[in-house]
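Notes follow the structure.
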Amino acid sequence: MASGSGDSVTRRSVASQFFTQEEGPGIDGMTTSERVVDLLNQAALITNDSKITVLKQVQELIINKDPTLLDNFLDEIIAFQADKSIEVRKFVIGFIEEACKRDIELLLKLIANLNMLLRDENVNVVKKAILTMTQLYKVALQWMVKSRVISELQEACWDMVSAMAGDIILLLDSDNDGIRTHAIKFVEGLIVTLSPRMADSEIPRRQEHDISLDRIPRDHPYIQYNVLWEEGKAALEQLLKFMVHPAISSINLTTALGSLANIARQRPMFMSEVIQAYETLHANLPPTLAKSQVSSVRKNLKLHLLSVLKHPASLEFQAQITTLLVDLGTPQAEIARNMPSSKDTRKRPRDDSDSTLKKMKLEPNLGEDDEDKDLEPGPSGTSKASAQISGQSDTDITAEFLQPLLTPDNVANLVLISMVYLPEAMPASFQAIYTPVESAGTEAQIKHLARLMATQMTAAGLGPGVEQTKQCKEEPKEEKVVKTESVLIKRRLSAQGQAISVVGSLSSMSPLEEEAPQAKRRPEPIIPVTQPRLAGAGGRKKIFRLSDVLKPLTDAQVEAMKLGAVKRILRAEKAVACSGAAQVRIKILASLVTQFNSGLKAEVLSFILEDVRARLDLAFAWLYQEYNAYLAAGASGSLDKYEDCLIRLLSGLQEKPDQKDGIFTKVVLEAPLITESALEVVRKYCEDESRTYLGMSTLRDLIFKRPSRQFQYLHVLLDLSSHEKDKVRSQALLFIKRMYEKEQLREYVEKFALNYLQLLVHPNPPSVLFGADKDTEVAAPWTEETVKQCLYLYLALLPQNHKLIHELAAVYTEAIADIKRTVLRVIEQPIRGMGMNSPELLLLVENCPKGAETLVTRCLHSLTDKVPPSPELVKRVRDLYHKRLPDVRFLIPVLNGLEKKEVIQALPKLIKLNPIVVKEVFNRLLGTQHGEGNSALSPLNPGELLIALHNIDSVKCDMKSIIKATNLCFAERNVYTSEVLAVVMQQLMEQSPLPMLLMRTVIQSLTMYPRLGGFVMNILSRLIMKQVWKYPKVWEGFIKCCQRTKPQSFQVILQLPPQQLGAVFDKCPELREPLLAHVRSFTPHQQAHIPNSIMTILEASGKQEPEAKEAPAGPLEEDDLEPLTLAPAPAPRPPQDLIGLRLAQEKALKRQLEEEQKLKPGGVGAPSSSSPSPSPSARPGPPPSEEAMDFREEGPECETPGIFISMDDDSGLTEAALLDSSLEGPLPKETAAGGLTLKEERSPQTLAPVGEDAMKTPSPAAEDAREPEAKGNS
């Protein structure tokens, strides 16, 4: 390198040395061009740090001294981008920046190289590329704006610039701190560039001539104002999100704070967002920061707030900024010094750039799109106007909500609650940032506290602000996404639609070409064809000729040399990559391997598979070279070599254990042609359960990106929908359901599904259901698995296309029984997916095909299993039942939607069905399908259902079925409680004629709930009044009930007429002795009320027993005896009442009073001195008002006989105790002071309605409560 001699020359800079030499006589008389050639040759040979010095001299020569040489030597300098030296690669980036600034047209050639360097593996190279892009983005935008006619190359160049800007924004998430810092500065510049300058924007002196959004005309043919404005706002949003990330580092946070301050000063329209971001950060400092870092961040935040406060546009936000500064410990005097004066605000001059912009603006386009106008921001408006447009933020809304709630009481409560969670010692981080609260309790301090709390709540996703924003943005968000996507389509087109270029391709001549229409050509990086050794002044040497030394070789030598040459080229991978000739090497290898034998191909394939990711370019080059050879051969060409290459690659990739990066998919999608054999490899890849999703994603992309053969690829995916492996099949069905939504594929998918469904009408499974390797000549029977194979796809599509249900019904009618059973088992879930309001499903119910009744019924059951039937569904089923198919099974699913009358009419038919079906019917009516009973939706409540069963005509249904049905009711103990059964018995007893199963129900109820004993006694007494003996079956049950309930039933038996009493003894003679003993335990006064005819029957076979004392009173005639009912326990009894019970009479009051008058003249029944005669005044008070029965309290288990007399005081406790013992009832807690009086009764004309007598009956719950006492007394 000629650098001159002497100290004076050595001390000069590289550039000054060079220019001095050039201005002088020159070294060896070299021209500038020759000098450049010489320096480049030196740089190619130098390996130490002096290479940078030489390259910088070249840069000075061709950029500053003689720019005409720039284009000539561009490729040679760019070749150094593959140099292993980091500094050299950084120099190349700097050279690209300077060259493009000198001649912007060079950006067309160099942008792809810069894009490659942006992805360099070295961090410092990437950082240098980001810094260069910060400048070149503005330069490129200005160039595009000035160009009124945009070429295709310019469009592609700008697309790549925009894509690189997007990539740099993504580097905000890089793992390297330095890269993130550089990305923040790039985003800052991007936001400033893609937003308009305003009247009060602060413009740094070095950026005065930089382009901004306001300099871009609205009618530019390619650059769209609105798109750039949206990109600028999106970049700001990304920066704000990055700043509030909880894991942000200290250096990144400091850089972001400065960038936001710069943005606020240069673009005041973003002042609101910046202040809010500062507030959020102040309230939520990242927890990962150390104590010293917290102090540093707070100091930076304070400095930037003060710088923003100086700006005139900060007037609107002075309250928020001041509060933040006070919290950060800023003195009021310092805040006052940094306040903008109102004079500056009023008299702030307009920037020169604004006036220049006015001159530059073109005439407005009268045909401008209204939609674009709506999106245009007002560049000349103030920050206040922009704030009004943007509306309140989440924090503002939440702060307004909290401010009135921050009363002294509420704040005191919050402090007290939070003290529970305070640590024992003050954290160091809190101590470092704590500043005393000034002006506590003032309106300003309360407002600040509300904003602090609102900021934290918003960061946590809480508060009314977040909720309102979500609601307001739901619909606009969808529209915004659509618009943004349409805006970005043009930019991303090249990236998505780029085709892999074929080396030496003749694809434009091939009719078999499958690729999509050619996308916009992207800029390609410069790759020098030869090594940087250039022919210059010293390059004139004798040309080496191969023919001079060529000697004939044997075939074996030739083969060995070929193999050796290929191996050497393969092994030279790293060396070639450092020299920048990697692409040349790939082309050589692809050409060699295509022309030679399979031995070389196996060697190259093995080399590729060793590191597929790094050598994928070689794989594609080889693949496309084979395809190009096939095309070049024309009509006589064969695909065998291409197919062999593709299958080898795919098979090798399939054997690789880890395919997470999707290389297999990339090879399939970018292969020029997918042959049948290759498609079979893809299919096997899909059948691998560990790679199912990736394989089917590949198939999906083939279907959508290669429309010429999409149905062939779709067929493979459809075949997989009936695969025997669950995971493979499920994944295929998911993909197919998404494709079914596409109109162009819908018909094919549907036809395939219906073809498989139609296979079910065959007597045996067709061979298509079996693999090709299985023998299907012998007819195999249908199995559940083969039936399901035909149904999987159809059932997956059914919820999306309800019309398909009619096809299933048609097939079902023709299928064999085994197939029908499987269909019924698998149809449930898809039918539920259709829903009972599906018009097609309702139509199927309405027009139920003959033979599909079971299918329709199953559908109805599936629909109504957990939800009540809809009115429309009930109407269709009702019409079907009444007009076409009177099969009561149709009604079962919609029972809860029918009228009560309809259910009662259908009951005789329903209970004659299979017991399992009957159980289902009762589960629906009682609401017990899923556990606890809930008949709220049933047309019949439990009581009405049981009554309806009793009322079924035995002609319509046999008694055995009715009894089984009632047993099902009694089995539901949770539903048929004692209260329900009491109401049922009361209503059945009131019916005329009495139901045949009445007494059976009474006995079952008493067995289930023994505490109903008292109530049952009342029922039996009422049945005597209804002359139960006239109903033979009921009478037989009556006697059995009396037999089972003795001795409680003795009081009822005594009410029977003599003839019927004798009949009872005839059927149950064992009742006579206990009943006689019971009567003899009465006092004489009580026995006086027993008619002689009754006593005669009682004593008919008991003459040997001592006769009871006759009552002095005259005997009652049989006709005078009226059946009496149990009376409820009276109001508090007199203390001397030894029996503790009262008489309740159901007949006329007048006749009862007459009986009392007959008994009064007798000696025994006459009152004694201590027993006053009964009188109206001595009677208990009127009975309590009739209320609903309450069985929650236990009552006495038995009652006294319906006929009894008063007793004297001195009768003694022993006799009374004996009477209680015989009745198994409790000893009364209080006895009457005088004789027992009779309760007034209503006349027959005012008998209580149905159920009222039950209300008078003692509570069964009360009986159970007093049972222990009764047992103790007995």
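Residue numbering: from 1, along the chain as shown.
Heads up, the Cβ atoms here are built off N, Cα and C, so glycines get one too.
Noted in Swiss-Prot for the protein shown:
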- 1-124: region 'Interaction with HSF1' (REGION)
- 31-64: repeat 'HEAT 1' (REPEAT)
- 67-101: repeat 'HEAT 2' (REPEAT)
- 104-146: repeat 'HEAT 3' (REPEAT)
- 153-192: repeat 'HEAT 4' (REPEAT)
- 227-266: repeat 'HEAT 5' (REPEAT)
- 335-392: region 'Disordered' (REGION)
- K361: SUMO1 cross-link (CROSSLNK)
- K361: SUMO2 cross-link (CROSSLNK)
- K483: SUMO2 cross-link (CROSSLNK)
- 1102-1137: region 'Disordered' (REGION)
- 1149-1274: region 'Disordered' (REGION)
- 1173-1185: compositional bias 'Pro residues' (COMPBIAS)
- K1239: SUMO1 cross-link (CROSSLNK)
- T1257: phosphothreonine (MOD_RES)
Surrounding residues of the repeat 'HEAT 4' (153-192) on its own chain - C-beta under 8 Å, 6+ positions past either end: 107-108, 111-112, 114-115, 118, 123, 126-127, 130-131, 133-134, 136-138, 140, 144, 147, 207, 212, 222-223, 231-232, 235-236, 238-239, 242, 249, 251-252, 255-256, 259, 262-263, 266-267, 270, 490-495, 520-523
Same-chain residues at least 6 beyond the ends of the repeat 'HEAT 2' (67-101) whose Cβ lies under 8 Å from its Cβ atoms: 32-33, 36, 40, 43, 49, 51-52, 55-56, 58-59, 61, 107, 109-110, 113-114, 116-117, 120, 122, 124-125, 128-129, 132, 135-136, 139, 525-526, 528, 532, 534, 577-580, 582
Outside the repeat 'HEAT 5' (227-266), six or more residues from its ends: residues with CB under 8 Å to it: 162, 169, 172, 177, 180-181, 184-185, 187-188, 190-197, 201-204, 213, 216, 273-275, 277-278, 280-281, 284, 286-290, 293, 296-297, 300-301, 304, 307-308, 311, 313, 375-377, 459, 484, 487
Secondary structure tally of the repeat 'HEAT 3' (104-146) (DSSP, helix then strand then coil): 39 helix, 0 strand, 4 coil
Taken over the repeat 'HEAT 5' (227-266), the model's mean pLDDT: 92
